[in-house]
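Step one of this worksheet: look at the structure below.
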Amino acid sequence: MARVVVDVMPKQEILDPQGQAVANALPRQGFEGISEVRQGKRFELEVDDGVDDDTLARIAENFLANPVIEDWAVRRVES
Amino acid sequence: MARVVVDVMPKQEILDPQGQAVANALPRQGFEGISEVRQGKRFELEVDDGVDDDTLARIAENFLANPVIEDWAVRRVES
Amino acid sequence: MSAAGARIGVITFPGSLDDGDARRAVRRAGASDVALWHGDADLHGVDAVIVPGGFSYGDYLRCGAIAKFAPVMTEVVRAAGQGMPVLGVCNGFQVLCEAGLLPGVLTRNSGLHYVCRDQWLRVDNNTSTWTTRYEPGAELLIPIKHGEGRYVAEEPVLDRLEGDGRVLFRYVDGNPNGSRRDIAGITDERGRVAGLMPHPEHAVDPLTGPTDDGLGMFLSALDTLVAA
Amino acid sequence: MTDPTREAATQDPATPNGAEPVDSVEQAARTPELDQPYRELGLADDEYERIREILGRRPTEAELAMYSVMWSEHCSYKSSKTHLKYFGETTTDEMRAKMLAGIGENAGVVDIGDGWAVTFKVESHNHPSYVEPYQGAATGVGGIVRDIMAMGARPVAVADPLRFGPADADDTRRVLPGVVEGVGGYGNCLGLPNIGGEVVFDESYARNPLVNAMCVGVLKSDELQLAHATGAGNKVILFGSRTGLDGIGGVSVLASETFSGDETGSGRKKLPSVQVGDPFTEKVLIECCLELYGSDLVVGVQDLGGAGLSCATSELAAAGDGGMRIDLDTVPLRAEGMNPAEILSSESQERMCAIVRPEDVDSFMAVCRKWDVTATVIGEVTDEEHLRIDWRGECVVDVPPRTVADEGPIYQRPVRRPAEQDLIAADDANTLSRPATAAELRETVLRMAASPNLCSREWVTGQYDHYVRGNTVLAQPSDGGVLRVDEETGRGIAVATDCNARYTRLDPYEGARLALAEAYRNVAVTGSKPVAVTNCLNFGSAEDPGVMWQFQQSVRGLADAAAELGIPVTGGNVSFYNQTGGDPILPTPVAGVLGVIDDVTARIPTGIGAAPGESLLLLGD
Ligand SMILES: Nc1ncnc2c1ncn2[C@@H]1O[C@H](COP(=O)(O)OP(=O)(O)O)[C@@H](O)[C@H]1O
């Protein structure tokens, strides 16, 4: 068993209204100095050892992310 | 300027219907061997060097996460 | 105080949607409605406050998470502490939870879809400011319309809510969102602050809603205000 | 809080080191022979020649971008214009009596009495919804809502006629949930009740789903806004979202092919042509616009949709009485290093453009500040005849605006009735076997009730808010949606959209008449009186003579039926090229009908059995 993290973030050039809303709200709460926020998704998967990197990439590309508007990254972590 | 990542995940004991839906859909797509999926959020912040860890922790705890249902982790990354 | 002398404020955040409907419901109940603005840290002397439905600030981070920092909310929290009746409907319920006036949190519907339908509720408590007009056990038909209405709180909190009779309404005839213990609405310790996912303001006239079952909530609060 | 004035002042032109040379008008005059990628931008040889003729030189990059989008099928109606004229020709003065704005405006406007007017329109967002179902559908709703706002109206409801491939096809499983969530996600967040629509499945829509979105708006009849830039000295204000790189699509060939030259430099080739919607910003924009209109701070207004600033500036100027000057450096950008062609072509959502008297600019900005809407003066109306756009001190666009906005090419595409049409007509339904026994009849009825095209639509409509605003008197599953407009008098309106495209395939003329008749009936049975028609004409390739025949016949059918019923067609939308390979979709001319009801308490709900002892009558034959 391994733990795999898949990060999915909106592409740089794509509008990210969620991140923008967070960025706009921070100064109102007295938090200064944060110039940009982007909000994406984080998936944590419990994966059998037999599942190879290629499969994980396909899962990320075809399923967890929408490659038209999102970038993704897969990494195995200590669980 | 530093890049800070804040990961926000649903607490273990809280039902995560989104993660579950992903986990249930994977075998239907022919992906076997993934026993559990949890879905959370990932924030990427561009932060002035003056913003200290304590401030970042407060932003995560009071704003980006709702500690009733979510855990969070903050880390600075290379940008 | 006469009914018409009772002034009930309705907050408008950027992204509020049911503020006009809440004000209409207040008028229909016979009270005067007062528009309150999110950026204005002033309740303008109202006797009660409604935090209406909608998508305050887009609800982008978590529903209600950004609205709780609005200047007007500081005043609402202060006034609630002094016993002012406050009602949060749908997004308003989410805001009150985020602001700490009510326990728990509203999360993504277990079906993962936004749900708009007419929903049966059972009245569990008719002693709160907002429910005195109902018989205990009465069943009401009121619209729900939300994507994040699954009420979640820690077990001891849920036990305490039930033990203290602070569950106002429960879903019957099907739980639409997976809320713990079928909870549709709750109140605070004093029974003055209430929050619910269903929309009583959309059930005040059978012409535009399924019933007028929701009117009782506004009339209940008005009774308290008039008696005071 | 965003301070819009400061915003403009601090907007940093950010000239990167070694900035790309700007292709200015001067430069264009100096380099007449430069090879330009006009074909990649969709312009034909003769169209490009025509542009050179108009300008008396080659166009600059920015001008080329502008003409190419504005002369595209989508913006110029070059294949359909010649047919659409028929709507005007068949509309009599009597039919026109209640029409305050008609074909050619952003949306048609009809007087409904008591000083109220209603505007309504349908638009297609078919291809984007296939590429990215959620965002495609969401921004489709966003776009039509801004059209309605541009008329000075408050948007009050939406409806969504949808077409998908077979219900059990894999691709439908991808597209349908995304589309429904997108329509709901955007409309629900705007607080617009969804009061109607259609869900139809057919093989021909596989890979060519149709996502049509209707919006209805209400205004006082003396509050109509027009999209024109009049009054030299008046300011041009861009307000709403910032302009970014998304939704630029084809124009990125300019950046990659002629600007940077080297393959590594640009990295722009894969610009997403998909836009992401921000319904919250649009909701705030609606309230902001209504306050601006209510305070009489706007001389003219235009929404930014397809073709972005190119479209808004050229159309405003073309409809005005002079020219316009724009300083592109002032446009608030979301991305770094955008060039003029990209800024002009960006289809970033949730933006509007207003013409404002100089003395009103401060008040205009104050309203925008109240709603936290970014607003920037980007230019002014001039008494010159040209639209002139500057960038970093150089003139990059200098064109007669009408040549961009109104005088695009018009095609007489070949029209031919396909030979197979006779075969289709000969294949008579009367030859099909009928259920002969009670058991067979039962089986047939059950099969029909369970079929995707007839079963309950609740999975779809249950994701749409139909209560918000508290004026919905009838919505799904009623035949037509009914809304209260005036709470005092109970005056209201009804809408329905319909099209049976299988009928239209059999006979495009009769099919279109039937589509209108059905929508008309669906409005009438709510107790409302039909008063106006809009449409969304979804067809295959305009270059297929058979498709053009279907189109021509459908337009005639719709227009003739409207004339027969005595209600005008006040607007519409055309979507061609809905086909994959050689197979076009079924011809799908969706008809939308608007009705008026004097008192909504007299509305008639759909369904029987509300009271015991009702009689069932069959009308017609
Ligand atoms: N995509 C949709 N959006 C909103 N309402 C819809 C949609 N599709 C169908 N409806 C509504 O569901 C109801 C039933 O639709 P339909 O089966 O097409 O009706 P009919 O066959 O009577 O025309 C109608 O009220 C219609 O407006």
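Heads up, the Cβ atoms here are built off N, Cα and C, so glycines get one too.
The active site, nucleophile annotation in TrEMBL covers C:CYS90. The active site annotation in TrEMBL covers C:HIS199, C:GLU201.
Overlay of TrEMBL annotations on the structure.
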{"residue": "C:CYS90", "record": "active site, nucleophile", "Cβ within 10 Å": "30"}
{"residue": "C:HIS199", "record": "active site", "Cβ within 10 Å": "29"}
{"residue": "C:GLU201", "record": "active site", "Cβ within 10 Å": "32"}
The residue listed as 'active site, nucleophile' and C:HIS199 (active site), Cα-Cα, nearest whole angstrom: 7
Interface-proximal active-site residues, chain B, C-beta separation under 8 A, candidates C:CYS90, C:HIS199, C:GLU201: none
Secondary structure of C:HIS199 (active site) (DSSP, helix/strand/coil): coil
In three-state DSSP terms, the structure that C:CYS90 (active site, nucleophile) belongs to: coil
